[in-house]
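Feature annotation from Swiss-Prot assigns compositional bias 'Polar residues' to 374-394. For 371-394, the entry in Swiss-Prot reads region 'Disordered'. The topological domain 'Cytoplasmic' annotation in Swiss-Prot covers 1-55, 102-121, 168-173, 235-246, 309-316, 363-394. Residues or ranges marked as topological domain 'Lumenal' in Swiss-Prot: 77-80, 145-149, 199-213, 268-287. Annotation comment: Swiss-Prot describes 56-76, 81-101, 122-144, 150-167, 174-198, 214-234, 247-267, 288-308, 317-339, 343-362 as transmembrane segment, evidence class sequence analysis.
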Amino acid sequence: MADKKNEDFVVRMPDNGTVEKEPFLARSPPARARTGSGGGFGDSFSLARVANNPPAAILAYCLSSISMTVVNKYVVSGSEWNLNFFYLAVQAIVCIIAILFCKQIGIITNLAPFDNVKAKKWFPVSLLLVGMIYTSTKALQFLSVPVYTIFKNLTIIAIAYGEVLWFGGSVSPLALVSFGLMVLSSVVAAWADIQSAIHGGSHPSEASTAISTLNAGYAWMGMNVFCSAAYLLGMRKVIHKMNFKDWDSMFYNNLLTIPVLIVCSLIAEDWSAANLARNFPIESRNALFIGMIYSGLGAIFISYCSAWCIRVTTSTTYSMVGALNKLPIAISGLVFFSAPVTFGSVSAIVIGFISGIVYAWAKARQSSQAKSALPTQQPVMSASSQSNKDASNS
């Protein structure tokens with residue numbers, strides 16, 4: 001779960017290579033080791049070449065984010081599914097266990113000991129995270145993956161204007177163009193979805209049910225846009241004061257959300273034997289359990305792959321990859337979940353894809369202009385914070 005991500009919100013980052021880098025990512029071996037004989041040296045050299053290969057990093061990042069979205073959609077797509085808080089609690093528990101295991105065997109070396117004072121200060125951010133991930137799963141439950149992916153772009157607009165209001169940010173004319181395209185793609189997607197619902201059923205009652213489902217999905221999506229922007233802006237404000245390093249924010253986010261999610265599940269969700277049987281039918285029970293466990297590990301994978309991508313490329317390339325990755329995520333919904341393929345839905349995906357490219361281009365130009373000017377402030381977010389944030393979204 002971590003900061004859930006899979007959603008590629010672009011945050012300003014330095015392009016000069018001074019960002020924090022994940023210490024567990026493999027580095028190129030020294031020249032003396034490369035000249036040695038024996039299979040061990042050859043294997044190490046091959047692994048080092050892969051670890052420093054930009055296409056491999058980009059592919060790993062794309063596959064991890066796509067798989068996270070697909071798995072989340074699969075788990076919450078059951079007709080009787082109503083245990084979202086429980087699902088998110090399992091994600092957080094699996095993620096914490098994975099982090100502690102990686103620390104124990106030495107893969108993660110820079111995780112600070114738990115601090116009660118920091119936990120109290122970070123707890124409000126974790127509450128915002130609960131709101132973001134819960135509304136995200138509810139929206140994904142009622143909407144198709146392409147529509148969900150397209151509407152997530154609206155969060156970028158909310159964050160941009162939140163930065164203008166609270167952090168003195170600015171929005172360039174090119175960014176405004178991308179925002180217009182994002183809104184247009186959302187309108188086209190909603191129109192295509194509604195048309196498909198109206199004409200897709202053989203009986204008026206089916207169309208009415210489909211419209212009600214879409215309305216619920218749009219309502220949850222609107223709340224998710226608000227919660228996502230509040231969480232990311234709140235995290236930006238607090239993270240500098242906390243002096244969190246690579247894995248600290250992921251660790252605290254998951255650890256602090258576990259009790260909240262468990263309490264919410266016990267209070268708000270039905271734990272009767274009959275309801276558990278409806279949520280976990282025998283024919284798909286094992287697959288659901290595997291998906292829930294993978295979703296927790298997926299947060300680690302996305303964080304690792306995004307940090308890897310940042311390390312071997314540039315933040316501009318990383319932002320562009322995030323924009324381009326919207327297309328395969330949307331297509332995955334068409335492939336795996338039989339989302340309606342209509343002229344409207346395809347047009348919405350294409351417009352959303354173009355809006356992401358335009359936005360990434362706008363951020364690249366803004367970053368280039370900032371580098372040519374004298375620095376007046378510190379970068380707002382490190383590579384590790386960016387990677388943890390991406391693990392939020394799927």
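For all residues, glycine too, the Cβ spot is worked out from N, Cα and C.
Contact counts against the transmembrane segment (214-234), taken as Cβ pairs under 8 Å, peak for 122-144 among the stretches 122-144, 174-198, 317-339.
Within the same chain, the transmembrane segment (288-308) packs against the transmembrane segment (56-76): three or more Cβ pairs sit under 8 Å, each pair at least 6 residues apart.
Non-local neighbours of the transmembrane segment (56-76) in the same chain are 5-6, 8, 50, 84, 87, 137, 140-141, 145, 149, 287-288, 291-292, 294-295, 298-299, 301-302, 305-306, 308-309, 311-313, 317, 321, 325, 328-329, 332-333, 336-337, 390, 393-394; each lies 6+ residues outside the stretch with a CB under 8 Å from one of its CB atoms. Within the same chain, residues 6, 8, 10, 13, 54, 58, 61-62, 65-66, 69-70, 73-74, 77, 144-150, 153, 306, 309-310, 345, 349, 352-353, 356-357, 359-361, 363-364, 386, 390 sit at least 6 positions outside the transmembrane segment (317-339) and bring their C-beta atoms closer than 8 Å to a C-beta of that stretch.
Looking at which of 81-101, 122-144, 174-198, 343-362 has the most CB pairs under 8 Å to the transmembrane segment (150-167), the answer is the stretch 174-198. DSSP assignment over the topological domain 'Cytoplasmic' (168-173) gives 1 helix, 0 strand, 5 coil. Summarised by DSSP class, the composition of the topological domain 'Lumenal' (77-80) is 0 helix, 0 strand, 4 coil.
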